[in-house]
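Enquirer: According to TrEMBL, the protein has these features:
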{"type": "DOMAIN", "residues": "185-270", "note": "domain 'DUF6534'"}
{"type": "TRANSMEM", "residues": "33-56", "note": "transmembrane segment"}
{"type": "TRANSMEM", "residues": "68-88", "note": "transmembrane segment"}
{"type": "TRANSMEM", "residues": "108-127", "note": "transmembrane segment"}
{"type": "TRANSMEM", "residues": "139-165", "note": "transmembrane segment"}
Amino acid sequence: MSLDITGMPAEQVEAIAQAAFGDSLGVKLGPVLLGPIFDIILYGVMLQQFQCWWAYCRPRERRAINWLTYYIMLASTAWSGMIISYMLNCFVYNFGTYTVFLEMPYATAFPAVGYCMSAAVQSFYIERSFRLNNRNIPLLILLVALVLGEFVALVFILIACGHVASELQAGDVLMQIRAWQCLTLATDAMITLSLAWGLWRAKTGWSHNDALVKKLLLITLETQLAPTLIMLGFVIEFSIFPASTMGLFFDVMIPKGYTVGYLATLNTRVHLQRDRTIGGSGNGKQTSTNAYHLGSGRLQQATVHVDTQTYVESYQTKDSRPGVNRENHVFEEGSVENLDYASNLSKQNLNASPQPFYGNRQ
């Protein structure tokens, strides 16, 4: 329903809010509580991923990727802090008051602050998709236009929400919110498809390369489908029940879905190298894995590994049979000298004076 509560007394607004949320507390207030809980759980997962990235990937990453990761971590920490503040406002400082669930400041801030993280992660994937698809300029223009379209839609949402008194009037900004949702969903879908297509085109027919491509395809789907499916659920829910608090659950989950997927992509190279090392330890071979464009931005040198095998073949021959006019004696090497002075006639009378030579006389 769309109801303007501007100018109503506080008691009447509280009665309207209690009638809107009190009939089914589990359905109406459960998403408000579960969204922040899942956000904190994903924040712990994100910290573990960041620790792994800091130890193994940070020294080899480009400086731009390092600074982008620092920014995303700080933004995610600020996001979780804002979620905790929202929880304290609803269930601690205003405990027992239903009017707090109708207030617009937090509901308006969630999409705007979340865009600061989602746009950064989408830019990272756009750059990867651009390189994987042979620097396709039209694809780059399309993806950048979609991200800018999200920003424009958010600006219209903020302007429209300035004229809305409570969440009971969510239907008044239905078109702006739906445009933002559809643009975000289209951006995620296009990025996923372009990455998958670029990896699929990298197949060469070699079993080693194709196995690596399949792994990267699965990783791309795993890291990109999470925010895409969350946004898809948000679109479906908001189209059916615009004033339901279920949309708040999806809205809170979206930024962490982007962050966890982003860090998982950065840590992909470490996991692939670990798998190859474990797989190669059985036969004594270890080869390094190049995660192509999902890894470091530095140029990789193509190498060819050549395995050589040496075979030694030996034959056992029989002793040679002596000839008819030869005795079976063992002959010494001609270079071995007989050092016996008495028997070595070639070295006798070497110091004797030369004898005169007389020819034949007649």
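Cβ from N, Cα, C; glycine included.
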Enquirer: In this predicted model, what is the average pLDDT of the domain 'DUF6534' (185-270)?
Expert: 84
Enquirer: Six or more residues out from either end of the transmembrane segment (33-56), which same-chain residues have a Cβ under 8 Å from its Cβ atoms?
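Expert: Cβ under 8 Å, 6 or more out: 69, 73, 76-77, 79-80, 83-84, 86-87, 91, 248-253, 256-257, 259-260, 263-264, 266-267, 270.
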Enquirer: What are the DSSP helix/strand/coil residue counts across the domain 'DUF6534' (185-270)?
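Expert: Final tally across the stretch: 75 helix, 0 strand, 11 coil.
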Enquirer: What parts of the chain pack near the transmembrane segment (68-88), using Cβ distances under 8 Å and only residues at least 6 beyond its ends?
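Expert: Distant contacts of the transmembrane segment (68-88): 33, 35-36, 39-40, 43, 46, 50, 53, 58, 61, 106, 109, 113-114, 116-117, 120-121, 124, 252, 255-256, 259, 262-263, 266.
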